[in-house]
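Visitor: Straight out of Swiss-Prot:
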BINDING   R25, E87, R126, K460  (6S)-5-formyl-5,6,7,8-tetrahydrofolate binding site
DOMAIN    221-381  domain 'TrmE-type G'
BINDING   231-236, 250-256, 275-278  GTP binding site
BINDING   N231, T250, L252, T255  K(+) binding site
BINDING   S235, T256  Mg(2+) binding site
Amino acid sequence: MNLGDTIVAIASAVVPNQGSIGIVRLSGAAALPIARQLFQDPGQQTWESHRILYGYVRHPQTQTIVDEALLLLMLAPRSFTAEDVVEFHCHGGIIPVQQVLQLCLGAGARLATPGEFTLRAFLNGRIDLTQAESVAELVGAKSPQSAQVALAGIQGKLAQPIQQLRGQCLDILAEVEARIDFEDDLPPLDEPQIQRDLTQVLEKVAQILQTSDRGELLRTGLKVAIVGRPNVGKSSLLNAWSRSDRAIVTDLPGTTRDVVESQLVVQGIPVQVLDTAGIRDTEDAVEKIGVARSLAASQQADLILFTIDAAVGWTAADQEIFQRIVATKANQPLILILNKIDIGQPEAIEIPPQVQGVVKTAAAQHQGVDELETAIANLVQAGKVGAADLDFAINQRQAAALAQAQQALIQVRETIAQGLPLDFWTIDLRSAIQALGEITGEGVTESVLDRIFSRFCIGK
């Protein structure tokens, strides 16, 4: 990859016969000369930065008009990449956009690799690595809340505390190295104060690390399994919740033989709902497989909706299934669903301590769905499941680097407590500083950059 090349790519989604506008983006030193070759400006408008020009895209040899278009000019350094950037806004659809792309390639541009526009923005110092990663997360956001967290990352709300922590570590290192280099000219280090400073940094590191799991939930979604014995209304609950007929519903126990999935958004949180086969002892070979998959789904879920028939109450079979689920995954959040309340109200039920919420539903009548969503949202907000309100969230790469910094800082404290020489302090302090720098992109290796930006789409 030659970063001195001028690159080009389609920057809009290409949907056959459906797109209204197609965008072809150029970035690099030759972006403006290439645009001048291809774009005819009938109004002789001034080619200044941050202006929109109206005209035609012409073939440079035949002068054939390829498309009527708008041209956006964003010259360095006031552009996304901090290079000269030009965008052709063409008519949508595959043919016009591909024709403009081919003309740009023929005029000397190179096809951009995935994420290369954002990579150039990073390498040119316009954004740091956390902001670059947040761009990809915003594009792939599955809910308004995950989009908001990604946008916070783009605005630097993650980079700021990381840079502050790195600065604090650099200050401590400077104090230590000054005592090494000028031992006779400076007073001894205030070791208790250094320990207090390290404790403060570690507390902030721990707070940021806590956002990792919740951020991952926003990115991938909350996995919710509807579990219970046969014919308690699990499939009816899925259909009512998803407002569709995803699952087959009959009065016959054992109708659902496999896990049925549906994708929903609950108060900004993406949710993958799993309707599982009714759990019971059976001789039916196919149903046995379904039961096994139900138990597996319950273990993988972030939250279980344990469903019983309210008209019948809590039965011995319900108790047996509940114990099997609790035994396989301790401390798993559960909501008890009392379904079929339109048929009969349950007698007093002793709620097991593992249950963290009770919701009454009449799934066949589409009743209780709003209450269920509120109960799930309350668990999330309380931090018992996944993602409470987040100002920002770190991803897995960032969490791994932050954990390295945390371990190095803990080692510094132990080194001080053991009374080891100051040279030993600096080793782990430098490790912590390096790990924190990797989060924002300082000193990050080329292989890490390749891995990060390969996940981007071409044109971003």
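Each position is counted from 1, following the chain as shown.
Cβ atoms are placed via backbone N, Cα and C, with glycine included.
Keep in mind that this is a model prediction, so the values were computed, not measured.
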Visitor: Restricting the comparison to the binding-site residues R25, E87, R126, K460, which residue's C-alpha is spatially nearest the C-alpha of K234 (GTP binding site)?
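Guide: Closest candidate to K234 (GTP binding site), judged by Cα separation, is K460.
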Visitor: Quick one: of R25, R126, K460, which of the binding-site residues has the smallest count of other CB atoms within 10 A?
Guide: R126
Visitor: Mind computing the max CA-CA distance among R25, E87, R126, K460, which the record assigns to (6S)-5-formyl-5,6,7,8-tetrahydrofolate binding, rounded to whole Å?
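Guide: Farthest-apart Cα atoms in R25, E87, R126, K460 are separated by 19 Å.
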Visitor: Using DSSP, would you call R126 ((6S)-5-formyl-5,6,7,8-tetrahydrofolate binding site) helix, strand or coil?
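Guide: Where R126 ((6S)-5-formyl-5,6,7,8-tetrahydrofolate binding site) sits, the three-state DSSP reduction gives coil.
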Visitor: Of all the binding-site residues given, E87, K234, S235, which residue's CB has the most CB neighbours within 10 A?
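Guide: Result for the most crowded candidate: K234.
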Visitor: Taking the Cα of S235 (Mg(2+) binding site) as the centre, which of the binding-site residues listed as R25, E87, R126, K460 lie within 10 Å of it?
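Guide: Those near S235 (Mg(2+) binding site) - Cα within 10 Å - do not exist; the answer is none.
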Visitor: Measuring Cα to Cα, how far is N231 (GTP binding site) from E87 ((6S)-5-formyl-5,6,7,8-tetrahydrofolate binding site) in Å?
Guide: 58
Visitor: Near the Cβ of N231 (GTP binding site), how many other Cβ atoms are there if near means within 10 Å?
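Guide: A 10 Å sphere around the Cβ of N231 (GTP binding site) contains 20 other Cβ atoms.
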Visitor: So what pLDDT does the domain 'TrmE-type G' (221-381) average out to?
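Guide: Average per-residue pLDDT within the domain 'TrmE-type G' (221-381): 75.
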